[in-house]
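Found this in Swiss-Prot, in case it helps:
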TOPO_DOM  1-12  topological domain 'Mitochondrial intermembrane'
TOPO_DOM  32-188  topological domain 'Cytoplasmic'
REGION    42-73  region 'Disordered'
COMPBIAS  58-67  compositional bias 'Low complexity'
REGION    156-188  region 'Disordered'
């Protein structure tokens, strides 16, 4: 049996195949790096995730300003905490997608629900752009009335109870807030 393949030396064919494989692998790595470092990559990922979530049977989330029929029970701390975290996350997602006004509404809701509003505002001042933070601050005056409408009489009953989420400013923020910060840092 001959050591040639189609007239080429077998070792040369193996060498050529190895070089072609390495070149293809380098090509893949180069374009993957270029794709990931593209300025609009993270926006495309967010849009793709939203499209998949929408196609997966999840109902689109309605803004709280439009009247949320499924307002959490203000006497249940776990529901309020879940609602608080949802408002923060939804607000940041909307702002990242370019919908600053609607995102500001949700973040203002979270700020008003938080027991330590000033500390939370200082966190948002550090993490949001100046325009986004200004939009949140402008939403704060109308947020109290909006939340009163959303929660109705239950808010009056729970007003004398301690806040559901507190951050005293000493040390790191609560784990839930830190998780949100870490999650959004991954997307930046």
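Cβ coordinates are placed from backbone N, Cα and C, and glycine is handled just like the others.
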In this predicted model, what is the average pLDDT of the topological domain 'Cytoplasmic' (32-188)?
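Within the topological domain 'Cytoplasmic' (32-188), the model's average pLDDT equals 74.
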Counting by DSSP, what is the helix, strand and coil composition of the topological domain 'Mitochondrial intermembrane' (1-12)?
3 helix, 4 strand, 5 coil
